[in-house]
């Protein structure tokens, strides 16, 4: 029977992480459990930087972006000797289980700790929406709103100058954020990691649009596919249309979480504690068809590639 739990946020921050921490803390306290917050993710676990949390520790946190516990990327945590020190720190505090909020890298750490005797439940927190076992991740909808607002602003200036604008969106190997933002923002062209990309083909599509009378256009592209500044120069040379690239960058991770992210994070935080109380470990929570679900972290990591929303792309192309 667990009496104390710890909670940490790891990897890239995402709007709604504070709401998830709040969900964990308030639910645990309602079940008469003690809760410890761990600063800066697995790094704080290794350095033994923890603090006991009460209900007031998470007051006025549901609407705040980022994570008040801090986060860090700590590659050394993959080393057995580093994790052993972290486990010792957990045991010194008599913490019985952990809730880990983050992306796939955080999942790996949680699985390793579970295998070392520390029960863990993971919550998907990343704007990339690239974690399997869930329809949506915490932070995705807020980032989507941010990207669409940026596209709206770019369209204002692009239309004024009859310009082609390229907007680079986060997502790593997953195009969910780019695709959804492109549909909502009315982008004329979409470049995703899930589909074959050739700059020559993109130019042909753009030229076809110009031939139809298109005076300006927005190209939405997921990060890491190509150098967008070089792409802008190439498009401008081939089309004789002024072309500019905008990299949205880390602004996509900031800001107060939108309503859906607050609700999702609160539900996932509460559900993770409920699973620990029932004796589950090595699980990751998710939402599917608006219902809370859980899967083995190990299975989620084996099947990390999400199903590509091909039907969304087909719809988007019809709307050009």
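Backbone N, Cα and C define each Cβ position, glycine as well.
Here Swiss-Prot flags 128 as active site, proton acceptor. Per Swiss-Prot, ATP binding site is recorded for 12, 73, 74, 103, 104, 105, 106, and the stated evidence type is sequence analysis. Taken from Swiss-Prot, the feature ADP binding site covers 22-26, 55-60, 155, 186-188, 212, 214-216. Here Swiss-Prot flags 104 as Mg(2+) binding site. What Swiss-Prot records for 126, 127, 128, 163, 170, 171, 172, 223, 244, 250, 251, 252, 253 is substrate binding site.
Feature annotations (Swiss-Prot) mapped to structure.
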| residue | record | DSSP (3 states) |
| --- | --- | --- |
| 12 | ATP binding site | coil |
| 22 | ADP binding site | helix |
| 59 | ADP binding site | coil |
| 74 | ATP binding site | coil |
| 105 | ATP binding site | helix |
| 128 | active site, proton acceptor | coil |
| 172 | substrate binding site | coil |
| 212 | ADP binding site | coil |
| 244 | substrate binding site | strand |
| 251 | substrate binding site | helix |
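Take the mean position of the Cβ atoms of 12, 73, 74, 103, 104, 105, 106, the recorded ATP site; other residues of that chain with a Cβ within 8 Å of it are 10, 11, 41, 102, 109. Neighbour density for residue 59 (ADP binding site): within 10 A of its CB lie 10 other CB atoms from the protein chains shown. For residue 216 (ADP binding site), applying a Cβ distance below 8 Å and a minimum sequence separation of six or more within one chain yields 155, 158, 159, 161, 162, 163, 164, 165. Here the C-alpha separation of residue 172 (substrate binding site) and residue 105 (ATP binding site) works out to 13 Å. Distances between the Cα of residue 170 (substrate binding site) and those of the recorded positions 104, 105, 106, 128 are shortest for 128. In this structure, residue 186 (ADP binding site) belongs to neither helix nor strand by DSSP; it is coil. Spatially close to residue 186 (ADP binding site) yet at least six residues away along the chain are 151, 155, 218, 319, judged by Cβ distances under 8 angstroms.
The most crowded of the binding-site residues listed here (56, 74) is 74, judged by how many other CB atoms sit within 10 Å of its own CB. Under 8 Å, Cβ to Cβ, and six or more positions away along its own chain, residue 12 (ATP binding site) finds 71, 73, 102, 103, 126, 127, 253. When the C-alpha distances from residue 56 (ADP binding site) to the recorded positions 74, 105, 106, 128, 244 are tabulated, the minimum falls on 106. There are 16 other CB atoms within 10 A of the CB of residue 172 (substrate binding site), with all protein chains counted.
Comparing C-alpha positions, residue 106 (ATP binding site) sits nearest to 128 among the recorded positions 22, 128, 244, 251.
Cα spacing between residue 244 (substrate binding site) and residue 59 (ADP binding site): 43 Å, rounded to the nearest whole number.
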